[in-house]
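Accompanying notes for the structure given below.
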Amino acid sequence: MSEEVTYATLTFQDSAGARNNRDGNNLRKRGHPAPSPIWRHAALGLVTLCLMLLIGLVTLGMMFLQISNDINSDSEKLSQLQKTIQQQQDNLSQQLGNSNNLSMEEEFLKSQISSVLKRQEQMAIKLCQELIIHTSDHRCNPCPKMWQWYQNSCYYFTTNEEKTWANSRKDCIDKNSTLVKIDSLEEKDFLMSQPLLMFSFFWLGLSWDSSGRSWFWEDGSVPSPSLFSTKELDQINGSKGCAYFQKGNIYISRCSAEIFWICEKTAAPVKTEDLD
């Protein structure tokens, strides 16, 4: 009888323990439910996103580092290029400075040579004038025979016949010259000093141009008022015709009048070899 009770008790206890275990498991299951599949996917996506962001940041960092290195390299190249350009500019400036110095030296030498040649020409002219005055044994003849030499011009005073202004002009052209033109007071004084002009009338290359309503020299230039006295200006402004020289003054007459005339042409240069 006691064995049966014991068996029953053990059986009861085992059954109660198993039940207690099952109840404990059920309680644990109810207290800590299993994770939901949706949250698991969300967590996985978040981790993946973090990894992608991390990879992106690393990639951007590497790109930034590479770009920084490239910029630094380009900056060094640019700095070197600027130094090279500056050096070339300095060299060019120095060369230009040397060229300017050479140009200044060249101009100085040219001016010196020009000055020497001018003095030599003046001395040759003076010597030639002395030879013409004092001797006939020379080859210095800047003007043809019967022509008078003054400064850079030769003058021919016609006294063997009288002609109108137009015919006198033609005769000068035939002599490869023109009717005289007064360019300066010195030239006017030279003409006034000629004895022939004290007693005779001589045509000048000054005439009234009716088409232009003005006075012109043979070369087309307008006479300068500073070359004429007040009396002469009154003559010129109050008359129309052709100008002539007489007794050191300029007068106006009919161009058809027949008087003497003066031709003028450029003198030949004086050659030093003709002074021997």
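Placed from the backbone N, Cα and C atoms, the Cβ positions cover glycine too.
Features of the protein shown, as given by Swiss-Prot:
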type: DOMAIN; residues: 150-264; note: domain 'C-type lectin'
type: MOD_RES; residues: Tyr7; note: phosphotyrosine
type: MOTIF; residues: 5-10; note: motif 'ITIM motif'
type: TOPO_DOM; residues: 1-43; note: topological domain 'Cytoplasmic'
type: TOPO_DOM; residues: 65-276; note: topological domain 'Extracellular'
type: TRANSMEM; residues: 44-64; note: transmembrane segment
Item to check | Beyond the flanks of the transmembrane segment (44-64) by 6 or more, those residues with Cβ under 8 Å of it | outcome: none
Next on the checklist: Just to confirm my parser: what is the rounded mean pLDDT across the motif 'ITIM motif' (5-10)?
Outcome noted: 44
